[in-house]
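Please read the structure below before turning to the comments.
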Amino acid sequence: MKMTAGLEKAFIKQIIKEYESAVLYRQLAIELELMNLPGISKWLKSQSAEELTHADKLIKHLTDRDNHPVIGDIKTPKVKVTSVTETFDVALEAERDVSASIRELYAAADEAHDIDSRSLLDWFVSEQIEEEATVSEILGRARLVNEDGSGILRLDAELGASA
């Protein structure tokens, strides 16, 4: 069943947020590549790709329901980081922002009595809990090693292997 125009607009806003997050992660990957940390850069690139997958899930949900998503302006991040800790501070803030946006979308779907979106949005809520926890853990580890070269290189190797 086609969703209301207002709810469609809320979904499109989330699609744009996912694209912005993808661009942010890609920019962070570039920054870490320039710091000669290819493993962390690889992990950040995979996060960028995951954000694009999230946008695609939302787009498919709209098109499956005969809605017509039109992607609006995507704000490009103005970010330059100088450390691994700063990188993951930025990433965690972005994940928290996406989580808040997902909760707003969930509330809008509930308000519109849009039961058809519930399972998708439940998945997104769980995904965001996992994303925040993962980035928070990495940030904690970066803080723990206090930008020590050997500790950062180990984190680089581990994240590169997991990406």
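Indices start at 1 and increase along the chain as displayed.
In case you wondered, yes, glycine gets a Cβ from its N, Cα and C as well.
Unlike curated records, TrEMBL annotations are generated automatically.
For the domain 'Ferritin-like diiron' (1-146), the model gives a mean pLDDT of 97. Residues annotated as domain 'Ferritin-like diiron' in TrEMBL: 1-146.
Packing around Q128 (Fe cation binding site) is summarised by its Cβ count: 19 other Cβ atoms lie within 10 angstroms of its Cβ, all protein chains included. If you look up TrEMBL, you'll see E18, E51, H54, E95, Q128 marked as Fe cation binding site.
Taking the centre of the Cβ atoms of E18, E51, H54, E95, Q128 as the Fe cation site, the nearby residues of that chain (Cβ within 8 Å, site residues left out) are K17, S21, E50, V98, I102, F124, E127, E131.
Long-range Cβ contacts of E51 (Fe cation binding site) within its own chain (separation 6+, distance under 8 Å): E18, Y19, S21, A22, Y25.
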